[in-house]
Amino acid sequence: MGIDFLFILKALIIAIVEGLTEFVPVSSTGHMILVGDLIHFNTQSGGFPEMYEVVIQLGAILAVVVLYWRKISSSVVEFLSYIFSFIGLKASGDKRKYEKRLAESKTGFRFGINVIIGTIPAAILGLLFHDEIKEYLFSTKTVAIGFIVGGILLIVIENNFRKRAKRSKIVKDIDKMTYGQSLLVGCFQCLSLWPGMSRSASTIMGGWISGLSTTVATEFTFFLAIPAMVGASGLDLFKFDYSQMNATNLISLILGFIVAFIVSLVVIDKFINYLKKKPMRIFAIYRVFAGIVLAILIFTKVIS
């Protein structure tokens, strides 16, 4: 069987969509479902389109790791140092030495615990209801509803956040987050299990409600994406039937991963700079508009 270049082109379009939408509050999964249906990418049998989406999401996650490598690596080192220093403090008589190490590594340990806490709620729900979510929520109808509901919530919650920010303190340093704030953000991340809601929109809204600045909420969203998406992707990759893979599929995976990675690198940098100057309202308006258009297309049976 020869290489299907048209299918590879469609796969690259999906990878571009993933890179453009993964880290902005518009729902990458919703857009991939929609675009995949429009260009007939999702019609291939054997579950490859679903597995392909998982792989290109890993490409997007790699972009976060690259851009925030200094913060990630230092936090991992401090997290482990804190644990070993705590053990050493209990086992050794040299308390001064280990108490100093504990103080030096406390920031990284606290950050690591916040990420773990923020990951737990969606991880539990995702594991318990993985098959049900895939079966009942992954459709253009649920995406249309998610677009609209998420857009309205973004407008309402951001307006309340901006009023609150004028009269009370908000957290502007990601290392000053509390465990309670990370838990609330993690609970909001559960909304992202509904395609169309958007993981970044859900966690940013949770950040606003918990008292985080937009920039801190967004950056914490990026860090939460690493364990959340790697875990979900690992589960999907484990379940895939690789016996049906062919050369076209393999080329699509490699190129799609690279394209999603490159596009995500650009988008993350631009998005953070945008948020430092302007509100999220434009994304919310786009979501509502896209949801209405999608609902009309479904109602008129242009797409199913």
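In case you wondered, yes, glycine gets a Cβ from its N, Cα and C as well.
The transmembrane segment annotation in Swiss-Prot covers 5-25, 47-67, 72-92, 111-131, 137-157, 209-231, 248-268, 282-302 and rests on sequence analysis.
Within its own chain, the transmembrane segment (5-25) has Cβ neighbours under 8 Å at 31-32, 35-36, 39-41, 44, 52-53, 56-57, 59-60, 63-64, 150, 154, 198, 200-201, 204, 221-222, 225, 248, 251-252, 255-257, 259-264, 266-268, 271, 280, 283-284, 287, counting only residues six or more beyond its boundaries.
Taking every recorded stretch in 47-67, 137-157, 209-231, 282-302 and counting its Cβ pairs under 8 Å to the transmembrane segment (248-268), the highest total belongs to 47-67. Among the stretches 47-67, 111-131, 137-157, 282-302, the one making the largest number of Cβ pairs under 8 Å with the transmembrane segment (209-231) is 111-131. Among 47-67, 111-131, 282-302, 282-302 has the largest number of CB pairs under 8 A with the transmembrane segment (137-157). Residues 24-27, 34, 140-141, 143-148, 150-152, 154-155, 158, 196, 198, 201 of the same chain, all 6+ positions outside the transmembrane segment (282-302), place their C-beta atoms under 8 angstroms from a C-beta of that stretch.
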